[in-house]
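Per TrEMBL, the features are:
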| type | residues | note |
| --- | --- | --- |
| DOMAIN | 3-114 | domain 'Glycerol-3-phosphate dehydrogenase NAD-dependent N-terminal' |
| DOMAIN | 196-342 | domain 'Opine dehydrogenase' |
Amino acid sequence: MGKVAILGSGNAGCTYSAYLGKRGHEVHLWDSERFKDNLDPIAERGGMDIIAGGNMAEHKSEEEGFGKIAMVTTDIQKAIEGVEVIMVVVPGFGIAPIAKQIAPYLKSNQIVMLNPGQVLGSLEFLETLRKCGNNEDVTICEGASNIFACRRVGPTKVRISAIKNEMELASIPSDRIEHCISKLNEFYPDRFVAMPNILYTGLNYNNLIVHPAGALLNMGRIEFTKGDYDFYWEGLTPGVCRNIEAVDEERLAVAEKFGCKLPTFIEINHAYYGHPERKTIYDFFSVSEVHGGEGPSAPQNLQHRYISEDIPFALVAVSALGSAVGVETPTIDALITVASKANQEEYRVTGRSLKNLRLDGLNREGIINRIETGK
């Protein structure tokens, strides 16, 4: 069995920890002092229960049970000491802060996996390490999404609604991807699909396609009901889905300009969850038991991560990449503008810009070279 550090105690971080602990791995779960209240009940119990819902309901006997968590700590040095694989499971706005905290302790033989990296998250993590004086030969990799559709439903309980059939993975440097997959297979056998570079995983990040449009086009309902509706089953109406399709088309146009042949949004969901008979975005989400059907699930306010994460750390980067290679992204740009006005924050300034990643002024080939080498 392997030894792994999980950084982040939210829905996904707790699920990763419980899932791997149930399978006998030595799990170190870390979060900052700010989230100590999340950690205390887990530490007291020594782990978390897993329950199955959605697509997993028919696999209850396999997936449900108790996942032992060997270490629960707010000491990041202690959490990663002697650990070969470190899984960062935080929203986009947490990637740089965690890189700063981990920089003094991260060693050359360690692999950091971002779950996910949103768009260019691995490069931001590496750039932050370098700014903090860490010049170790670290390998950073990122998934295109979280492996699980999941939620923390109690102080020591998580619900898994689905486990994705496959997960795209890319690394910096890009030529270490097979090494990363061989190590990660110890924890998630035969789950990962190698991608040439992090443009493939970032531009395949499915949350950027659905969350911003789905939330912003239901802005009034979110603010009036405080999220008291089913985000997918009720909120993704045909008109909303047509805007999601427009975001998808613009994402694919940017990807194509960089030489990335990527699946459409509906094809991504078919690969992750099955149901190829659901041909359109509306057909898929209006009945998806993975995403809806368990009561109110919408954001309670406009500061929710569907906006505060997926706009600045995903759509802003897609728009900037498009501008760098002459691809217009009018729907994406409109969503950024609307979100910035609604939340009184200029996301084009505070988000993941090309300048912050030392990509500004580079042409297509220069951008690709930097994200593949990290140099």
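For all residues, glycine too, the Cβ spot is worked out from N, Cα and C.
In TrEMBL, annotation is done automatically, which means it is predicted and not curated.
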Notebook entry, point to check: Along the domain 'Glycerol-3-phosphate dehydrogenase NAD-dependent N-terminal' (3-114), what average pLDDT does this model show?
Noted result: 94
Notebook entry, point to check: For the domain 'Opine dehydrogenase' (196-342), what does DSSP give as the number of helix, strand and coil residues?
Noted result: 87 helix, 0 strand, 60 coil
Check: Under DSSP, the domain 'Glycerol-3-phosphate dehydrogenase NAD-dependent N-terminal' (3-114) has how many residues in helix, strand and coil?
Finding: 51 helix, 31 strand, 30 coil
